[in-house]
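> Take a look at the following structure, please.
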Amino acid sequence: DNGSVSEIYQNTTAQGSDTTVPTANILCTLILLITFLFGLVVNVLYLWILGLKMSKSVNTAMIFHLILVNLVFTMTMPLLSVYMLTFPQWILGDFMCKLVNSLLSLCIYTTVFFLTVISLDRYTLVFHPVWYRGHMNHRYASVTCILLWGFAASSPYFAFRQIRLLDDNETTICYNDYSLTGKWDNEQKAIVQMKWLLFSFRLVLCFLLPFSVITVCYLKIALKMKKGNLVKSSKPYKIIFIAVTSFFLSFIPYHLWYGMSIEEGIFRETTLNGLKLLATCLACFHYCFTPVLYLFIAENFKKTLRKSILSLIESVFSEAFNSWNKGFDENRSGTNDKSQEDTT
């Protein structure tokens with residue numbers, strides 16, 4: 001939620017002075033609460049299995065942190081539900097205004113960073129397997145993930161986020177204060193320019209650049225696999241493909257809403273509010289339901305569904321990660337045998 005202090009809020013307040021909560025907001029609140037309960041259980045189970053039940057590897061470390069982001073986002077949903085019912089009023093105070101929105105920004109940044117690093121990791125494994133085997137390990141991957149958390153947390157959204165009482169002296173909103181003096185009227189033009197600058201920076205850093213890197217990496221990997229038949233199982237790629245596709249499709253409405261809400265009076269209030277609700281629900285879907293899609297990667301899903309949910313999740317990741325090691329070990333041993341034959 002990184003919108004502007006604009007007529008959108010004031011018009012919403014004026015039209016909604018009867019304190020009636022719109023049906024769309026109520027529906028979105030119910031979706032958030034149901035998603036929260038479901039996502040909490042699923043993501044905790046995944047973290048427990050990846051962290052305690054499975055052997056430590058580069059793959060488990062990166063997927064563990066990726067799902068940890070899902071859990072952090074999930075924990076903000078009850079607070080988002082309150083905001084949906086009171087929109088545009090913010091009733092949770094200044095600190096929670098800063099904390100909740102900073103966590104949301106943190107989740108967006110870390111998710112895209114992890115997905116990008118995972119794609120680079122896969123690319124290195126395919127095209128430089130000898131170097132990869134000699135340098136990459138679980139500890140190195142964990143340190144990399146922690147550094148990515150720190151880099152994402154360096155975002156200044158906590159400092160910018162503020163609460164403000166509107167001119168009606170009744171409505172308190174949570175917004176990004178980019179003014180230097182706190183006097184909005186005198187700095188309105190500079191504030192709009194700052195918002196466009198930050199929007200452009202965020203769009204490039206969190207969407208266009210990562211999407212380009214990920215696309216190039218996996219296209220080259222796919223061509224290499226098709227040409228050399230390096231990995232017999234495509235299961236690990238399906239897991240990453242689901243995560244990447246879900247993230248980018250889920251956050252397209254968010255970036256659209258962000259850009260459309262910067263300039264005042266260009267788009268209708270109902271359009272912006274509807275797009276905001278859609279962006280919120282899709283983001284929640286990504287962080288809570290995407291892990292469930294991983295289960296459908298398991299072979300003979302109907303058969304494995306009869307197993308316990310914990311065994312099913314563990315088998316999915318075990319099969320996916322082991323296929324990497326098996327496929328590349330076979331390819332590597334085949335290369336060594338060929339070189340020995342040439343020598344003799």
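Keep in mind that glycine also has a Cβ here, set from the backbone N, Cα and C atoms.
Whatever TrEMBL says is automated annotation, not expert-curated.
According to TrEMBL, the protein has these features:
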- 42-294: domain 'G-protein coupled receptors family 1 profile' (DOMAIN)
- 24-50: transmembrane segment (TRANSMEM)
- 62-87: transmembrane segment (TRANSMEM)
- 99-120: transmembrane segment (TRANSMEM)
- 140-160: transmembrane segment (TRANSMEM)
- 196-219: transmembrane segment (TRANSMEM)
- 239-257: transmembrane segment (TRANSMEM)
- 277-297: transmembrane segment (TRANSMEM)
> Below 8 angstroms Cβ to Cβ, which residues of this chain, lying six or more residues outside the transmembrane segment (140-160), approach it?
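Answer is 2, 57-58, 61-62, 65, 98-99, 101-102, 105-106, 109-110, 113-114, 117, 121, 176-178.
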> Hey, which bits of the same chain come close to the transmembrane segment (62-87), Cβ under 8 Å, at least six residues off its ends?
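Same-chain residues near the transmembrane segment (62-87) but 6 or more away: 1, 12, 21, 25-26, 28-29, 32-33, 35-36, 39-40, 43-44, 46-47, 50-51, 96, 100, 103-104, 106-107, 110-111, 114-115, 117-118, 121, 141, 145, 148-149, 174, 239, 243, 277, 280, 283-284, 287-288, 290-291, 317.
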